[in-house]
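Chemist: This is the structure I want to talk about, given as structure tokens.
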Amino acid sequence: MSFLNRNLSRTIKAAVRGKHTLPKLPYDYGALAPIISKDILEVHHGKHHQTYVNNLNAVEEQMTEAHSKKDVNKVVELSKNYAFNWGGHLNHSIYWQNLSPTKSEPSADLKKAIEEQFSSFEQFKKDLSALSVGVQGSGWGWLGFNKKSKKLQILAVSNQEPLQAVTGLVPLFAIDVWEHAYYLQYKNVRAKYVEAIWDIANWKDISDRYAEAICN
């Protein structure tokens with residue numbers, strides 16, 4: 001019941017603050033080419049992410065109504081749909097910020113942590129790439145921060161599971177391996193897309209997330 005209460009609380013707060021909206025990209029649709037084409041970005045952001053936002057707003061309205069009627073069965077019925085679309089909205093919002101057309105490097109603190117835990121930065125890239133490529137079906141490869149152990153971790157999740165809610169890890173860097181993220185350009189060669197994504201990783205954003213995670 002505590003899980004339901006937390007979700008209902010979010011629903012009520014969302015109703016008060018208004019509708020979820022599609023976040024604007026911090027770059028133009030064509031800015032990540034040739035790694036991610038303009039066509040992919042327009043479809044991925046403008047259609048797929050927008051759909052998660054639309055569905056999330058719709059299901060929150062339904063959950064708020066169910067809560068007002070004390071219809072717990074309806075809340076349970078809606079909870080999977082809520083979690084899926086909330087995860088899709090959250091994951092993509094992080095993903096867009098994790099990418100940039102401007103070259104950057106990890107902060108000294110983040111680079112040191114990566115090298116200590118993965119033996120080298122290149123080994124870290126290989127490990128996270130292999131994990132992401134190996135996701136069965138749709139999902140995400142993540143670099144996260146474990147607040148209990150104070151360590152970095154890499155992990156793959158299925159579908160639109162939100163990393164922190166499911167694993168407790170603070171999300172730092174996301175690799176989206178749903179087919180809509182790359183298929184128009186890379187066809188079924190997921191490994192080529194994952195290899196290329198490192199060239200547009202926004203290490204300023206990732207490093208800022210790390211700095212915030214270790215302080216909180």
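Every residue, even glycine, has its Cβ placed from backbone N, Cα and C.
Keep in mind the model is a prediction, meaning the values are calculated, not measured.
The following feature annotations were taken from TrEMBL:
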BINDING   HIS44, HIS92, ASP176, HIS180  Mn(2+) binding site
DOMAIN    19-100  domain 'Manganese/iron superoxide dismutase N-terminal'
DOMAIN    106-209  domain 'Manganese/iron superoxide dismutase C-terminal'
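Context for these features, please: burial, neighbours, distances.
Modeler: Non-local neighbourhood of HIS44 (Mn(2+) binding site): HIS180, ALA181, each in the same chain, at least six residues away, with C-beta under 8 Å from its C-beta.
In the predicted model, the domain 'Manganese/iron superoxide dismutase N-terminal' (19-100) has a mean pLDDT of 95.
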Chemist: Around the C-beta of HIS180 (Mn(2+) binding site), how many further C-beta atoms are within 10 angstroms, looking at every protein chain?
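Modeler: Within a 10 Å radius of the Cβ of HIS180 (Mn(2+) binding site) lie 14 other Cβ atoms.
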Chemist: Once near-sequence residues are set aside, which residues in the chain of HIS92 (Mn(2+) binding site), 6 or more away, have Cβ atoms under 8 Å from its Cβ?
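Modeler: Result: HIS45, HIS48, HIS49, TYR52, ASP176.
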